[in-house]
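Peer 1: There's a structure below that I have some questions on.
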């Protein structure tokens, strides 16, 4: 799976339209390049439809949301759907304000998303709005652990069934699921939390991989999580070796992504696959 996904990226050099947040835009552009794609970061409603037409995938990130950017997301999302380009939603901070929640509701009502990626809190908020996150097993989860992972998996698969999108949950344990199939990935390092925008960068990596593999979106999303997790571990090992800090961690993370190949990934990934009954 991994080799085929990465080979397609190298052959395609997909163009990814990132409508992302201002805090992480530069890092998202650089991680897109490191992963083998080409980034476009346009967010003006006057041009996003034309820009998206040129691209292979669209990534929407709500980190620094405003009404103008929401308008751009809706326009770009509709055009991407018309062109059958994969669309990824990263509902950053959806629980922080009613404006963000209303924006996600509007996006879900107007755009078909192929991947929705967020932390457990963000995915829970979407689940509550869709009346899926009802049970104690899901609603009380604050972070994914071995003890509560079944509840998180149920939330992901039920939400996938309702929205028709792959649901990808980030955390110490990552979950990528559709209504039937679940991957659990146990890579990454806690130090990645000390670098702002690592989740946003993951969304851009997903954009690159699904843009190059539009008929293998599930496998591409899983591979993106594996890349980010393994590269986070490699970057942490580098800063320990060189007595460096979080600024260097980001640089080594991007370096590790740019040097990644399938042999390293297959050697270091910690992944489990099963079917949800």
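Glycine is treated like the rest: Cβ placed from N, Cα and C.
As listed in TrEMBL for this protein:
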type	residues	note
BINDING	41, 197	substrate binding site
BINDING	117, 170	ATP binding site
Peer 1: Quick one: pull the CA-CA distance for residue 170 (ATP binding site) versus residue 197 (substrate binding site), whole Å only.
Peer 2: 13
Peer 1: At a 10 Å cut-off from the C-beta of residue 197 (substrate binding site), count the other C-beta atoms across all protein chains.
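Peer 2: Looking across every protein chain shown, the total is 22.
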Peer 1: How many other Cβ atoms are found within 10 Å of the Cβ atom of residue 170 (ATP binding site), counting all protein chains shown?
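Peer 2: That number is 26.
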Peer 1: Give me the count of other Cβ atoms within 10 A of the Cβ belonging to residue 41 (substrate binding site).
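Peer 2: Step by step: centre on the Cβ of residue 41 (substrate binding site), count other Cβ atoms within 10 Å, giving 17.
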Peer 1: Would you kindly give the Cα-Cα distance separating residue 197 (substrate binding site) and residue 117 (ATP binding site), rounded to the nearest Å?
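Peer 2: The Cα atom of residue 117 (ATP binding site) is 14 Å away from the Cα atom of residue 197 (substrate binding site).
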